[in-house]
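Enquirer: Sharing the feature lines straight out of TrEMBL:
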- B:41-61: transmembrane segment (TRANSMEM)
- B:73-93: transmembrane segment (TRANSMEM)
- B:133-158: transmembrane segment (TRANSMEM)
- B:178-201: transmembrane segment (TRANSMEM)
- B:213-239: transmembrane segment (TRANSMEM)
- B:259-279: transmembrane segment (TRANSMEM)
(Lines of atoms letter the chains of each structure in order from A; the text may use other names.)
(Lines give C-alpha, C1' and ligand atoms only; values in the text may rest on other atoms or scores of the structure.)
Protein backbone atom coordinates (compact mmCIF):
# COMPACT_ATOMS: atom_id res chain seq x y z
CA UNK A 1 0.00 0.00 0.00
CA UNK A 2 1.10 3.52 -0.65
CA UNK A 3 2.24 6.05 1.88
CA UNK A 4 -0.40 8.64 2.91
CA UNK A 5 1.80 11.52 1.77
CA UNK A 6 4.22 11.31 -1.12
CA UNK A 7 5.86 14.16 -2.99
CA UNK A 8 8.26 13.93 -5.90
CA UNK A 9 10.48 16.82 -6.84
CA UNK A 10 8.02 19.24 -5.28
CA UNK A 11 9.10 22.78 -6.09
CA UNK A 12 7.56 26.20 -5.60
CA UNK A 13 9.09 29.25 -7.14
CA UNK A 14 7.29 32.48 -6.30
CA UNK A 15 6.95 35.43 -8.61
CA UNK A 16 10.26 37.19 -8.40
CA UNK A 17 12.21 33.96 -8.61
CA UNK A 18 12.52 33.11 -4.93
CA UNK A 19 12.49 29.34 -4.54
CA UNK A 20 10.51 28.59 -1.38
CA UNK A 21 10.47 24.82 -1.80
CA UNK A 22 13.19 23.12 -3.79
CA UNK A 23 12.73 19.60 -5.19
CA UNK A 24 11.34 18.06 -2.02
CA UNK A 25 10.71 14.29 -1.94
CA UNK A 26 8.65 13.36 1.07
CA UNK A 27 7.36 9.95 1.99
CA UNK A 28 5.23 9.72 5.10
CA UNK A 29 4.66 6.14 6.26
CA UNK A 30 1.15 5.07 7.23
CA UNK A 31 0.49 5.29 10.94
CA UNK A 32 3.50 7.47 11.63
CA UNK A 33 3.62 10.74 13.49
CA UNK A 34 5.77 12.64 11.09
CA UNK A 35 7.52 15.74 12.34
CA UNK A 36 8.17 18.27 9.61
CA UNK A 37 10.94 20.25 11.14
CA UNK A 38 12.63 23.45 10.19
CA UNK A 39 13.15 27.05 11.25
CA UNK A 40 10.61 29.69 10.33
CA UNK A 41 10.91 30.49 6.66
CA UNK A 42 12.35 27.13 5.63
CA UNK A 43 9.42 26.32 3.34
CA UNK A 44 7.30 24.16 5.66
CA UNK A 45 4.07 26.07 5.30
CA UNK A 46 4.49 26.44 1.54
CA UNK A 47 4.95 22.68 1.30
CA UNK A 48 1.84 22.06 3.38
CA UNK A 49 -0.16 24.45 1.21
CA UNK A 50 0.90 22.45 -1.83
CA UNK A 51 0.02 19.15 -0.15
CA UNK A 52 -3.51 20.43 0.41
CA UNK A 53 -3.94 21.97 -3.02
CA UNK A 54 -4.12 25.56 -1.78
CA UNK A 55 -1.26 26.62 -4.01
CA UNK A 56 -0.05 25.05 -7.21
CA UNK A 57 3.47 23.61 -7.37
CA UNK A 58 5.80 25.12 -9.95
CA UNK A 59 6.86 21.55 -10.67
CA UNK A 60 6.72 18.15 -9.05
CA UNK A 61 3.89 15.97 -7.82
CA UNK A 62 1.87 15.43 -4.67
CA UNK A 63 0.05 12.26 -3.76
CA UNK A 64 -2.28 12.26 -0.80
CA UNK A 65 -3.78 8.96 0.38
CA UNK A 66 -2.75 7.43 -2.90
CA UNK A 67 -4.44 9.99 -5.13
CA UNK A 68 -2.95 12.88 -7.08
CA UNK A 69 -3.36 16.38 -5.69
CA UNK A 70 -4.80 18.82 -6.47
CA UNK A 71 -6.68 16.84 -9.12
CA UNK A 72 -8.48 14.55 -6.68
CA UNK A 73 -8.93 17.08 -3.90
CA UNK A 74 -12.70 16.72 -3.65
CA UNK A 75 -12.28 12.99 -3.13
CA UNK A 76 -9.22 13.10 -0.90
CA UNK A 77 -9.62 16.10 1.38
CA UNK A 78 -12.73 14.87 3.23
CA UNK A 79 -10.45 12.11 4.56
CA UNK A 80 -7.82 14.63 5.61
CA UNK A 81 -8.01 16.93 8.61
CA UNK A 82 -6.02 20.10 8.10
CA UNK A 83 -4.79 23.05 10.08
CA UNK A 84 -2.89 25.48 7.89
CA UNK A 85 -0.87 28.39 9.12
CA UNK A 86 -2.56 29.43 12.27
CA UNK A 87 -6.18 29.44 13.27
CA UNK A 88 -8.57 31.39 11.01
CA UNK A 89 -12.18 31.93 11.99
CA UNK A 90 -15.18 34.23 11.70
CA UNK A 91 -14.61 36.34 14.82
CA UNK A 92 -18.24 37.45 14.94
CA UNK A 93 -19.43 33.83 15.27
CA UNK A 94 -19.25 31.39 18.16
CA UNK A 95 -16.77 28.53 18.13
CA UNK A 96 -19.58 26.11 17.46
CA UNK A 97 -20.97 28.17 14.57
CA UNK A 98 -17.51 28.23 13.01
CA UNK A 99 -17.26 24.45 13.22
CA UNK A 100 -20.67 24.05 11.63
CA UNK A 101 -19.71 26.36 8.78
CA UNK A 102 -16.54 24.50 7.87
CA UNK A 103 -18.30 21.17 8.17
CA UNK A 104 -21.07 22.40 5.88
CA UNK A 105 -18.43 23.18 3.27
CA UNK A 106 -17.62 19.46 3.07
CA UNK A 107 -20.36 17.88 0.99
CA UNK A 108 -19.62 14.43 2.36
CA UNK A 109 -20.40 15.57 5.92
CA UNK A 110 -23.77 14.47 7.19
CA UNK A 111 -25.90 17.47 8.28
CA UNK A 112 -27.92 15.31 10.65
CA UNK A 113 -24.94 14.53 12.85
CA UNK A 114 -23.25 17.90 12.39
CA UNK A 115 -24.18 19.43 15.75
CA UNK A 116 -23.35 16.26 17.65
CA UNK A 117 -19.99 15.95 15.93
CA UNK A 118 -19.22 19.59 16.66
CA UNK A 119 -20.03 18.97 20.31
CA UNK A 120 -17.70 15.98 20.43
CA UNK A 121 -14.89 17.82 18.69
CA UNK A 122 -15.20 20.76 21.10
CA UNK A 123 -15.22 18.38 24.03
CA UNK A 124 -12.11 16.66 22.74
CA UNK A 125 -10.12 19.89 22.63
CA UNK A 126 -11.57 21.11 25.92
CA UNK A 127 -13.67 23.96 24.56
CA UNK A 128 -17.13 22.77 25.53
CA UNK A 129 -17.57 25.65 27.95
CA UNK A 130 -16.66 28.21 25.30
CA UNK A 131 -18.74 26.66 22.52
CA UNK A 132 -21.19 29.54 22.39
CA UNK A 133 -18.72 32.30 23.00
CA UNK A 134 -17.75 34.45 20.05
CA UNK A 135 -14.34 33.57 18.67
CA UNK A 136 -13.43 37.26 18.96
CA UNK A 137 -13.25 36.63 22.70
CA UNK A 138 -11.08 33.50 22.38
CA UNK A 139 -7.44 33.56 23.38
CA UNK A 140 -4.85 32.48 20.81
CA UNK A 141 -4.58 29.13 22.55
CA UNK A 142 -8.34 28.62 22.39
CA UNK A 143 -8.36 29.47 18.68
CA UNK A 144 -5.57 26.99 18.13
CA UNK A 145 -7.60 24.32 19.85
CA UNK A 146 -10.69 25.26 17.87
CA UNK A 147 -8.65 24.85 14.69
CA UNK A 148 -7.74 21.35 15.81
CA UNK A 149 -11.42 20.73 16.54
CA UNK A 150 -12.19 21.54 12.88
CA UNK A 151 -9.81 18.76 11.87
CA UNK A 152 -11.52 16.41 14.34
CA UNK A 153 -15.07 16.97 13.06
CA UNK A 154 -14.79 13.80 10.97
CA UNK A 155 -12.91 10.58 11.30
CA UNK A 156 -9.75 11.24 9.31
CA UNK A 157 -7.13 8.98 7.85
CA UNK A 158 -4.56 11.74 7.76
CA UNK A 159 -4.07 14.88 9.78
CA UNK A 160 -1.94 17.67 8.37
CA UNK A 161 -1.17 20.11 11.15
CA UNK A 162 0.86 23.26 10.69
CA UNK A 163 2.46 24.24 14.00
CA UNK A 164 -0.38 22.83 16.12
CA UNK A 165 1.03 23.95 19.45
CA UNK A 166 1.82 27.48 18.38
CA UNK A 167 0.52 29.98 20.92
CA UNK A 168 -0.51 27.38 23.46
CA UNK A 169 0.49 27.60 27.10
CA UNK A 170 2.50 24.68 28.53
CA UNK A 171 -0.66 22.93 29.71
CA UNK A 172 -2.34 23.36 26.32
CA UNK A 173 0.80 22.18 24.58
CA UNK A 174 0.84 19.03 26.66
CA UNK A 175 -2.83 18.42 25.90
CA UNK A 176 -2.36 18.83 22.17
CA UNK A 177 0.64 16.52 22.13
CA UNK A 178 -1.34 14.00 24.11
CA UNK A 179 -4.17 14.34 21.59
CA UNK A 180 -1.81 13.76 18.69
CA UNK A 181 -0.45 10.62 20.30
CA UNK A 182 -3.98 9.44 20.99
CA UNK A 183 -5.06 10.00 17.38
CA UNK A 184 -1.98 8.25 16.11
CA UNK A 185 -2.87 5.38 18.44
CA UNK A 186 -6.19 5.07 16.60
CA UNK A 187 -4.29 4.56 13.35
CA UNK A 188 -4.48 8.11 12.00
CA UNK A 189 -1.32 9.23 10.25
CA UNK A 190 -0.24 12.61 11.56
CA UNK A 191 1.90 15.02 9.59
CA UNK A 192 2.83 17.90 11.83
CA UNK A 193 5.14 20.79 11.14
CA UNK A 194 6.98 22.45 13.94
CA UNK A 195 9.98 24.56 14.69
CA UNK A 196 10.24 23.02 18.14
CA UNK A 197 12.72 20.18 18.39
CA UNK A 198 11.34 19.14 21.74
CA UNK A 199 8.00 18.53 20.09
CA UNK A 200 9.51 16.12 17.61
CA UNK A 201 11.42 14.33 20.36
CA UNK A 202 8.29 13.89 22.44
CA UNK A 203 5.67 13.09 19.85
CA UNK A 204 7.08 11.98 16.54
CA UNK A 205 8.14 8.62 15.20
CA UNK A 206 9.58 10.10 12.02
CA UNK A 207 11.14 13.40 11.19
CA UNK A 208 12.11 15.42 8.18
CA UNK A 209 14.42 18.36 8.37
CA UNK A 210 13.88 21.34 6.09
CA UNK A 211 16.29 24.19 5.63
CA UNK A 212 16.02 26.98 3.09
CA UNK A 213 13.48 25.13 0.99
CA UNK A 214 15.47 21.92 0.79
CA UNK A 215 14.73 18.63 2.49
CA UNK A 216 17.95 17.67 4.25
CA UNK A 217 16.90 14.40 5.80
CA UNK A 218 13.94 12.21 6.51
CA UNK A 219 14.09 9.13 8.67
CA UNK A 220 12.86 7.76 11.94
CA UNK A 221 13.61 9.93 14.92
CA UNK A 222 15.65 7.10 16.45
CA UNK A 223 17.87 6.86 13.36
CA UNK A 224 18.33 10.58 13.21
CA UNK A 225 19.55 10.61 16.76
CA UNK A 226 21.69 7.49 16.65
CA UNK A 227 23.86 8.91 13.91
CA UNK A 228 25.34 11.16 16.51
CA UNK A 229 27.84 9.59 18.88
CA UNK A 230 27.26 10.05 22.59
CA UNK A 231 29.62 12.45 24.34
CA UNK A 232 31.51 11.96 27.56
CA UNK A 233 31.14 14.88 29.93
CA UNK A 234 33.22 15.42 33.05
CA UNK A 235 32.53 18.25 35.48
CA UNK A 236 35.67 19.05 37.40
CA UNK A 237 37.71 21.95 38.77
CA UNK A 238 40.89 20.25 37.51
CA UNK A 239 40.33 20.93 33.83
CA UNK A 240 43.88 20.55 32.65
CA UNK A 241 44.58 17.24 34.36
CA UNK A 242 41.25 15.80 33.25
CA UNK A 243 41.79 16.80 29.62
CA UNK A 244 45.28 15.34 29.66
CA UNK A 245 44.10 12.03 31.12
CA UNK A 246 41.23 11.70 28.65
CA UNK A 247 43.43 12.57 25.71
CA UNK A 248 45.85 9.91 26.84
CA UNK A 249 43.02 7.36 26.66
CA UNK A 250 42.13 8.24 23.10
CA UNK A 251 39.21 10.59 23.64
CA UNK A 252 38.85 12.79 20.56
CA UNK A 253 37.21 16.18 19.90
CA UNK A 254 38.09 17.34 23.37
CA UNK A 255 36.47 20.57 24.42
CA UNK A 256 37.10 22.43 27.63
CA UNK A 257 34.68 24.98 29.03
CA UNK A 258 34.46 26.73 32.40
CA UNK A 259 34.03 23.64 34.51
CA UNK A 260 33.57 20.75 32.12
CA UNK A 261 35.67 18.70 29.79
CA UNK A 262 33.89 16.80 27.08
CA UNK A 263 34.77 14.67 24.11
CA UNK A 264 34.01 11.64 21.97
CA UNK A 265 34.87 8.62 24.15
CA UNK A 266 35.35 6.19 21.29
CA UNK A 267 34.66 2.53 22.00
CA UNK A 268 36.01 2.21 25.54
CA UNK A 269 33.45 1.48 28.30
CA UNK A 270 32.78 4.60 30.30
CA UNK A 271 33.75 3.22 33.72
CA UNK A 272 37.36 2.97 32.56
CA UNK A 273 37.48 6.75 32.23
CA UNK A 274 36.12 7.23 35.73
CA UNK A 275 38.76 4.94 37.17
CA UNK A 276 41.54 6.64 35.24
CA UNK A 277 40.42 10.11 36.31
CA UNK A 278 40.25 9.11 39.94
CA UNK A 279 43.69 7.55 39.63
CA UNK A 280 45.00 10.81 38.25
CA UNK A 281 43.64 12.67 41.30
CA UNK A 282 41.11 14.57 39.23
CA UNK A 283 38.27 15.76 41.44
CA UNK A 284 35.03 14.71 39.79
CA UNK A 285 31.87 16.77 40.42
CA UNK A 286 29.93 15.18 37.65
CA UNK A 287 30.47 12.43 35.16
CA UNK A 288 28.42 10.85 32.41
CA UNK A 289 27.54 10.14 28.82
CA UNK A 290 25.20 12.52 27.12
CA UNK A 291 22.95 11.28 24.40
CA UNK A 292 22.91 13.81 21.60
CA UNK A 293 19.65 15.69 21.24
CA UNK A 294 17.82 16.30 18.02
CA UNK A 295 19.07 19.81 18.25
CA UNK A 296 22.59 18.51 17.91
CA UNK A 297 21.43 16.38 15.01
CA UNK A 298 19.90 19.41 13.43
CA UNK A 299 23.00 21.50 13.86
CA UNK A 300 25.06 18.66 12.44
CA UNK A 301 22.76 18.50 9.42
CA UNK A 302 22.43 22.15 8.67
CA UNK A 303 25.69 23.42 10.06
CA UNK A 304 23.79 26.22 11.69
CA UNK A 305 21.80 27.03 14.79
CA UNK A 306 18.14 26.30 14.80
CA UNK A 307 16.89 29.86 15.00
CA UNK A 308 18.52 30.91 11.80
CA UNK A 309 15.74 31.85 9.43
CA UNK A 310 16.10 33.33 6.03
CA UNK B 1 -6.79 -6.35 4.47
CA UNK B 2 -4.22 -3.80 5.47
CA UNK B 3 -4.86 -1.46 8.38
CA UNK B 4 -5.28 1.54 6.14
CA UNK B 5 -7.95 -0.18 4.06
CA UNK B 6 -9.77 -0.94 7.26
CA UNK B 7 -9.66 2.74 8.18
CA UNK B 8 -10.93 3.68 4.75
CA UNK B 9 -13.87 1.32 5.09
CA UNK B 10 -14.67 2.66 8.51
CA UNK B 11 -14.58 6.21 7.15
CA UNK B 12 -17.01 5.26 4.42
CA UNK B 13 -19.23 3.53 6.92
CA UNK B 14 -19.66 6.61 9.09
CA UNK B 15 -20.60 8.66 6.02
CA UNK B 16 -23.34 6.68 4.36
CA UNK B 17 -24.73 9.62 2.42
CA UNK B 18 -21.45 10.90 1.05
CA UNK B 19 -21.74 13.36 -1.78
CA UNK B 20 -25.33 14.37 -1.19
CA UNK B 21 -25.05 17.51 0.82
CA UNK B 22 -24.11 20.03 -1.80
CA UNK B 23 -26.71 22.51 -0.60
CA UNK B 24 -25.35 22.83 2.93
CA UNK B 25 -22.67 25.27 1.81
CA UNK B 26 -25.24 27.48 0.09
CA UNK B 27 -27.36 27.61 3.21
CA UNK B 28 -24.30 28.30 5.33
CA UNK B 29 -23.39 31.11 2.95
CA UNK B 30 -26.80 32.75 3.38
CA UNK B 31 -26.35 32.48 7.12
CA UNK B 32 -22.98 34.19 6.80
CA UNK B 33 -24.31 37.08 4.71
CA UNK B 34 -27.59 37.67 6.53
CA UNK B 35 -26.28 36.92 10.00
CA UNK B 36 -23.82 39.79 9.88
CA UNK B 37 -24.66 43.01 11.63
CA UNK B 38 -23.59 45.08 8.64
CA UNK B 39 -26.08 43.29 6.39
CA UNK B 40 -28.86 43.82 8.89
CA UNK B 41 -27.96 47.49 9.32
CA UNK B 42 -27.88 47.89 5.54
CA UNK B 43 -31.31 46.35 5.18
CA UNK B 44 -32.49 48.55 8.04
CA UNK B 45 -31.31 51.65 6.19
CA UNK B 46 -33.12 50.50 3.06
CA UNK B 47 -36.26 49.90 5.11
CA UNK B 48 -35.98 53.46 6.40
CA UNK B 49 -36.08 54.96 2.90
CA UNK B 50 -39.88 54.66 2.47
CA UNK B 51 -40.35 55.87 6.01
CA UNK B 52 -38.30 59.04 5.42
CA UNK B 53 -39.98 59.78 2.10
CA UNK B 54 -43.42 59.05 3.55
CA UNK B 55 -42.93 61.31 6.56
CA UNK B 56 -41.51 64.10 4.41
CA UNK B 57 -44.51 64.00 2.10
CA UNK B 58 -46.95 63.75 4.98
CA UNK B 59 -45.47 66.84 6.62
CA UNK B 60 -45.21 69.00 3.53
CA UNK B 61 -48.56 67.88 2.19
CA UNK B 62 -49.41 67.08 -1.36
CA UNK B 63 -48.93 70.64 -2.66
CA UNK B 64 -45.23 70.15 -3.25
CA UNK B 65 -45.79 70.32 -6.97
CA UNK B 66 -43.46 67.42 -7.53
CA UNK B 67 -43.89 65.32 -10.59
CA UNK B 68 -43.55 61.60 -11.10
CA UNK B 69 -44.08 58.95 -8.49
CA UNK B 70 -43.31 61.17 -5.54
CA UNK B 71 -46.07 63.57 -6.51
CA UNK B 72 -48.55 60.71 -6.56
CA UNK B 73 -47.75 59.33 -3.10
CA UNK B 74 -50.08 61.66 -1.23
CA UNK B 75 -52.93 60.52 -3.43
CA UNK B 76 -52.12 56.83 -3.31
CA UNK B 77 -49.81 55.20 -0.76
CA UNK B 78 -48.92 52.47 -3.22
CA UNK B 79 -46.70 54.89 -5.07
CA UNK B 80 -44.51 55.11 -1.98
CA UNK B 81 -43.25 51.63 -2.86
CA UNK B 82 -42.44 52.59 -6.43
CA UNK B 83 -40.92 55.95 -5.49
CA UNK B 84 -38.76 54.38 -2.75
CA UNK B 85 -37.47 51.69 -5.08
CA UNK B 86 -36.77 54.26 -7.79
CA UNK B 87 -34.96 56.61 -5.39
CA UNK B 88 -32.88 53.81 -3.86
CA UNK B 89 -31.73 52.51 -7.21
CA UNK B 90 -29.13 55.16 -8.07
CA UNK B 91 -27.28 55.08 -4.76
CA UNK B 92 -28.50 53.08 -1.76
CA UNK B 93 -28.98 49.76 -3.49
CA UNK B 94 -25.67 49.85 -5.43
CA UNK B 95 -23.85 50.81 -2.22
CA UNK B 96 -25.32 47.86 -0.39
CA UNK B 97 -24.48 45.47 -3.25
CA UNK B 98 -20.96 46.90 -3.40
CA UNK B 99 -20.33 46.27 0.28
CA UNK B 100 -21.66 42.72 0.28
CA UNK B 101 -20.04 41.66 -3.00
CA UNK B 102 -16.70 43.28 -2.21
CA UNK B 103 -16.64 41.42 1.08
CA UNK B 104 -17.59 38.04 -0.36
CA UNK B 105 -14.27 36.46 -1.36
CA UNK B 106 -11.84 39.12 -0.13
CA UNK B 107 -13.39 38.89 3.33
CA UNK B 108 -12.75 35.15 3.49
CA UNK B 109 -9.23 35.66 2.20
CA UNK B 110 -8.42 38.34 4.76
CA UNK B 111 -9.78 36.28 7.66
CA UNK B 112 -7.91 33.21 6.41
CA UNK B 113 -11.15 31.23 6.39
CA UNK B 114 -10.79 30.73 2.64
CA UNK B 115 -8.03 28.20 3.43
CA UNK B 116 -10.23 26.28 5.82
CA UNK B 117 -13.14 26.27 3.38
CA UNK B 118 -10.99 24.99 0.54
CA UNK B 119 -9.39 22.25 2.63
CA UNK B 120 -12.83 21.22 3.92
CA UNK B 121 -13.08 20.83 0.84
CA UNK B 122 -15.69 23.24 -0.45
CA UNK B 123 -14.43 23.09 -4.02
CA UNK B 124 -13.48 26.39 -5.59
CA UNK B 125 -16.23 26.42 -8.22
CA UNK B 126 -18.90 25.49 -5.74
CA UNK B 127 -17.73 28.09 -3.23
CA UNK B 128 -17.90 30.75 -5.95
CA UNK B 129 -21.40 29.58 -6.91
CA UNK B 130 -22.49 29.75 -3.27
CA UNK B 131 -21.10 33.29 -3.02
CA UNK B 132 -22.95 34.37 -6.15
CA UNK B 133 -26.22 32.78 -5.07
CA UNK B 134 -25.97 34.52 -1.71
CA UNK B 135 -25.36 37.82 -3.53
CA UNK B 136 -28.40 37.31 -5.73
CA UNK B 137 -30.51 36.50 -2.70
CA UNK B 138 -29.18 39.64 -1.05
CA UNK B 139 -30.18 41.75 -4.07
CA UNK B 140 -33.67 40.32 -3.84
CA UNK B 141 -33.82 40.78 -0.09
CA UNK B 142 -32.75 44.41 -0.48
CA UNK B 143 -35.52 45.33 -2.90
CA UNK B 144 -38.07 43.25 -1.02
CA UNK B 145 -37.18 45.10 2.16
CA UNK B 146 -38.07 48.36 0.43
CA UNK B 147 -41.20 46.85 -1.05
CA UNK B 148 -42.48 45.64 2.30
CA UNK B 149 -41.48 48.77 4.17
CA UNK B 150 -43.06 50.93 1.44
CA UNK B 151 -46.21 48.87 1.61
CA UNK B 152 -46.55 49.22 5.37
CA UNK B 153 -45.64 52.91 5.58
CA UNK B 154 -47.66 53.79 2.47
CA UNK B 155 -50.77 52.07 3.73
CA UNK B 156 -50.51 53.62 7.17
CA UNK B 157 -49.78 57.21 6.14
CA UNK B 158 -51.75 57.62 2.93
CA UNK B 159 -55.02 56.71 1.31
CA UNK B 160 -54.82 53.75 -1.06
CA UNK B 161 -56.98 52.72 -3.93
CA UNK B 162 -57.06 52.06 -7.64
CA UNK B 163 -53.84 52.88 -9.40
CA UNK B 164 -53.49 55.39 -12.21
CA UNK B 165 -50.86 54.07 -14.62
CA UNK B 166 -48.42 56.06 -16.75
CA UNK B 167 -50.44 55.26 -19.83
CA UNK B 168 -53.52 56.89 -18.30
CA UNK B 169 -55.60 53.81 -17.54
CA UNK B 170 -56.53 52.68 -14.06
CA UNK B 171 -56.01 49.26 -12.52
CA UNK B 172 -57.09 47.74 -9.22
CA UNK B 173 -55.01 48.06 -6.07
CA UNK B 174 -54.12 44.36 -6.23
CA UNK B 175 -52.92 44.73 -9.80
CA UNK B 176 -50.90 47.80 -8.75
CA UNK B 177 -49.28 45.90 -5.88
CA UNK B 178 -48.36 43.11 -8.24
CA UNK B 179 -46.76 45.60 -10.61
CA UNK B 180 -44.82 47.15 -7.72
CA UNK B 181 -43.69 43.64 -6.82
CA UNK B 182 -42.59 43.13 -10.41
CA UNK B 183 -40.62 46.38 -10.21
CA UNK B 184 -38.82 45.09 -7.09
CA UNK B 185 -37.91 41.90 -8.94
CA UNK B 186 -36.70 43.76 -12.02
CA UNK B 187 -34.61 46.11 -9.91
CA UNK B 188 -33.04 43.25 -7.98
CA UNK B 189 -32.16 41.59 -11.28
CA UNK B 190 -30.74 44.92 -12.47
CA UNK B 191 -28.28 44.77 -9.59
CA UNK B 192 -26.83 41.41 -10.64
CA UNK B 193 -24.41 42.91 -13.16
CA UNK B 194 -22.89 45.06 -10.44
CA UNK B 195 -22.87 42.08 -8.07
CA UNK B 196 -20.90 40.13 -10.68
CA UNK B 197 -18.37 42.94 -11.01
CA UNK B 198 -18.05 43.07 -7.22
CA UNK B 199 -17.55 39.31 -6.97
CA UNK B 200 -14.81 39.41 -9.58
CA UNK B 201 -12.97 42.32 -7.96
CA UNK B 202 -13.33 40.55 -4.62
CA UNK B 203 -11.59 37.49 -6.08
CA UNK B 204 -8.54 39.61 -6.92
CA UNK B 205 -7.58 40.79 -3.48
CA UNK B 206 -7.37 39.87 0.18
CA UNK B 207 -8.50 43.32 1.32
CA UNK B 208 -12.29 43.63 1.47
CA UNK B 209 -12.18 47.40 1.76
CA UNK B 210 -10.13 47.68 -1.42
CA UNK B 211 -12.58 45.41 -3.22
CA UNK B 212 -15.51 47.53 -2.08
CA UNK B 213 -13.81 50.76 -3.07
CA UNK B 214 -12.84 49.42 -6.49
CA UNK B 215 -16.33 48.08 -7.12
CA UNK B 216 -17.92 51.35 -6.13
CA UNK B 217 -15.37 53.23 -8.21
CA UNK B 218 -16.31 51.12 -11.22
CA UNK B 219 -19.96 51.87 -10.59
CA UNK B 220 -19.28 55.61 -10.39
CA UNK B 221 -17.24 55.57 -13.60
CA UNK B 222 -20.04 53.73 -15.39
CA UNK B 223 -22.45 56.37 -14.10
CA UNK B 224 -20.26 59.21 -15.37
CA UNK B 225 -19.86 57.57 -18.77
CA UNK B 226 -23.62 57.19 -18.96
CA UNK B 227 -24.02 60.90 -18.25
CA UNK B 228 -21.72 62.08 -21.07
CA UNK B 229 -23.89 62.64 -24.18
CA UNK B 230 -20.93 62.45 -26.57
CA UNK B 231 -20.47 58.79 -25.62
CA UNK B 232 -23.97 57.83 -26.75
CA UNK B 233 -22.50 55.22 -29.08
CA UNK B 234 -21.42 53.05 -26.15
CA UNK B 235 -24.31 53.95 -23.84
CA UNK B 236 -26.46 50.92 -24.69
CA UNK B 237 -23.62 48.72 -23.40
CA UNK B 238 -23.21 50.46 -20.09
CA UNK B 239 -24.39 48.67 -16.99
CA UNK B 240 -26.83 51.28 -15.70
CA UNK B 241 -28.05 52.74 -19.01
CA UNK B 242 -31.44 51.00 -18.87
CA UNK B 243 -31.79 50.80 -15.10
CA UNK B 244 -34.78 53.15 -15.17
CA UNK B 245 -36.70 50.83 -17.51
CA UNK B 246 -38.51 49.32 -14.52
CA UNK B 247 -41.09 52.12 -14.82
CA UNK B 248 -42.34 50.52 -18.02
CA UNK B 249 -44.13 47.99 -15.83
CA UNK B 250 -46.54 50.79 -14.94
CA UNK B 251 -47.82 51.05 -18.50
CA UNK B 252 -50.86 49.23 -19.78
CA UNK B 253 -49.99 46.80 -21.16
CA UNK B 254 -46.46 46.70 -19.63
CA UNK B 255 -43.84 47.75 -22.12
CA UNK B 256 -41.30 44.93 -22.01
CA UNK B 257 -38.82 45.89 -24.69
CA UNK B 258 -36.48 48.04 -22.60
CA UNK B 259 -36.83 45.82 -19.55
CA UNK B 260 -35.80 42.74 -21.48
CA UNK B 261 -32.84 44.54 -23.03
CA UNK B 262 -31.76 45.71 -19.58
CA UNK B 263 -31.99 42.21 -18.16
CA UNK B 264 -30.07 40.76 -21.10
CA UNK B 265 -27.34 43.33 -20.54
CA UNK B 266 -27.22 42.42 -16.84
CA UNK B 267 -26.98 38.75 -17.77
CA UNK B 268 -24.11 39.59 -20.12
CA UNK B 269 -22.20 41.52 -17.43
CA UNK B 270 -22.85 38.76 -14.94
CA UNK B 271 -21.66 36.04 -17.33
CA UNK B 272 -18.46 37.88 -18.21
CA UNK B 273 -17.49 38.82 -14.67
CA UNK B 274 -18.59 35.55 -13.11
CA UNK B 275 -16.44 33.69 -15.62
CA UNK B 276 -13.52 35.97 -14.87
CA UNK B 277 -13.99 35.42 -11.14
CA UNK B 278 -14.10 31.67 -11.75
CA UNK B 279 -10.92 31.75 -13.80
CA UNK B 280 -9.27 33.71 -11.04
CA UNK B 281 -10.41 31.70 -8.05
CA UNK B 282 -9.70 28.32 -9.62
CA UNK B 283 -6.11 29.25 -10.44
CA UNK B 284 -5.25 31.48 -7.51
CA UNK B 285 -2.66 30.55 -4.90
CA UNK B 286 -4.49 30.76 -1.59
CA UNK B 287 -2.09 31.98 1.05
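The backbone N, Cα and C atoms fix where each Cβ goes, and this holds for glycine too.
What TrEMBL says about a protein is an automatic prediction, not a curated fact.
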Enquirer: Go through B:133-158, B:178-201, B:213-239 and flag the stretch with the largest number of C-beta pairs under 8 Å relative to the transmembrane segment (B:41-61).
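Expert: Top-ranked stretch among B:133-158, B:178-201, B:213-239: B:133-158.
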Enquirer: Tally Cβ pairs under 8 Å between the transmembrane segment (B:213-239) and each listed stretch (B:73-93, B:133-158, B:259-279), then give the stretch with the top tally.
Expert: B:259-279
Enquirer: Hey, which bits of the same chain come close to the transmembrane segment (B:178-201), Cβ under 8 Å, at least six residues off its ends?
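Expert: Contacts with the transmembrane segment (B:178-201): 78, 81-82, 85, 89, 93-94, 97-98, 100-102, 104-105, 128, 131-132, 135-136, 138-140, 142-144, 146-147, 150-151, 163, 171, 211-212, 214-215, 218-219, 239, 243, 245-247, 249-250, 254, 259, 262-263, 265-274, 276-277, 280.
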Enquirer: If we skip the immediate neighbours and take only residues 6+ beyond the ends of the transmembrane segment (B:259-279), which ones have a Cβ under 8 Å from one of its Cβ atoms?
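Expert: Distant contacts of the transmembrane segment (B:259-279): 105, 125, 128, 132, 186, 189-190, 192-197, 199-200, 202-203, 236-237, 239, 241-243, 245-246, 248-249.
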